[in-house]
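> Have a look at the structure that comes next, please.
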Ligand SMILES: O=P(O)(O)O[C@H]1O[C@H](CO)[C@@H](O)[C@H]1O
Ligand SMILES: [Mn+2]
Ligand SMILES: [Mn+2]
């Protein structure tokens, strides 16, 4: 019997995808550009010895056709490649569902980039059902900037701040104490029900605390309300087969709680890694431990902070031996991403990029996997690893997982 661990580095793209032009993302490369920015800022190339050994830098250089400014270069001792996305969007659910074998081939509903951006009838109904006096925002925004602009007015008026982006999302920010966390979750539930017919992928609760625009800060109580994946994913198959599917971080929310048998939340990168490490100690055979490392995206990618992104990646790299040392012969570690979010690109949205596909089981030798045609190759490989029937999408690379 086997186990697998996916460390899903949210937004760690490795070079513009072949269809990046459609998204205005030509030339994007999250990893290469944050490494460049780090070197420019500090004068030193960043060492990422463990990720380099797992093939991340080779994957990036092959995908992005661009040298990476990384120190302590060494050859991989893992299977490594890079995958393009079949799904029509570059959002988080599309990336996650595709890597679990279910690409999103339809178009999500999006709000127009106008102010106001939400249909008045929807807002009227939301206010009526939720008993709120109105909403603030009603525009495209960065979630941290809009708190500075409208947070104080929200506290005064009790009107939640509603905003969107190029993603198919309806985000609601509200103060945890003055508005109340439960009330925010209730408003999100109502919005979720109303937005199904507009085909909006996610409603996101964005609670924050603080006393003024100078110190408002979002908390770890974010909650994502996703629609159901359009078909059963690898997670459903494994759970139906009697396996454990253990969500760490926002994985359960992203899969709309489908096919999940255990959930753990933890605030911040280090706590998420600690929780993952703890769960590896306990998880039985036939378990998938699936961790989303959201900080890369939320704290650095969208905030366009390449140096902070690099430092967080270094923390991840430093932590990896703790996880690698726990892996047994029947454990497969996958490291990947769901989209890019190049912190040097204009705007503050995701970027359409290749994602790394790194696979490691103890004793592996350097195994290039090349360009993969879909993130679903990960799900298909895991279906093989767990002896499940084949998924509809994806080409498995189980036969490439040779040992040295
Ligand atoms: O600016 P914040 O609130 O972090 O929003 C970002 O987070 C959302 C979900 O990933 C994206 O749609 C993006 O707009
Ligand atoms: Mn994401
Ligand atoms: Mn994001």
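Each Cβ is built from the backbone N, Cα and C atoms, and glycine gets one as well.
Features from TrEMBL:
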{"type": "BINDING", "residues": "10, 338, 339", "note": "Mn(2+) 1 binding site"}
{"type": "BINDING", "residues": "297, 302, 350", "note": "Mn(2+) 2 binding site"}
{"type": "DOMAIN", "residues": "3-389", "note": "domain 'Metalloenzyme'"}
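Structural setting of the listed features?
Shown in sequence order, 11, 13, 85, 90, 91, 92, 94, 95, 350, 351, 352, 353, 355 are the residues of the chain, 6+ apart in sequence, with a C-beta less than 8 angstroms from the C-beta of residue 339 (Mn(2+) 1 binding site).
Residue 302 (Mn(2+) 2 binding site) carries neither a helix nor a strand DSSP state and counts as coil. Here residue 302 (Mn(2+) 2 binding site) comes close to 142, 143, 341, 348, 349: these same-chain residues lie at least six apart in sequence, with C-beta atoms under 8 angstroms from its C-beta.
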> From the centroid of the CB atoms of 10, 338, 339, the recorded Mn(2+) 1 site, which same-chain residues not already listed sit within 8 A by their CB, in sequence order?
8, 9, 11, 12, 13, 92, 95, 96, 297, 337, 340, 341, 350, 355
> Please identify which of 10, 338 has the densest Cβ environment, defined as other Cβ atoms within 10 Å, among these binding-site residues.
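Comparing the binding-site residues 10, 338, the most crowded Cβ belongs to 338.
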> Could you list the residues of the same chain, at least six apart in sequence, whose Cβ is under 8 A from the Cβ of residue 297 (Mn(2+) 2 binding site)?
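Within the chain, residue 297 (Mn(2+) 2 binding site) has Cβ neighbours under 8 Å at 10, 11, 92, 341, 350.
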> Whose Cβ lies within 8 Å of the mean position of the Cβ atoms of 297, 302, 350, the Mn(2+) 2 site, other than those residues?
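Once 297, 302, 350 are set aside, the remaining close residues are 10, 11, 298, 301, 339, 341, 348, 349.
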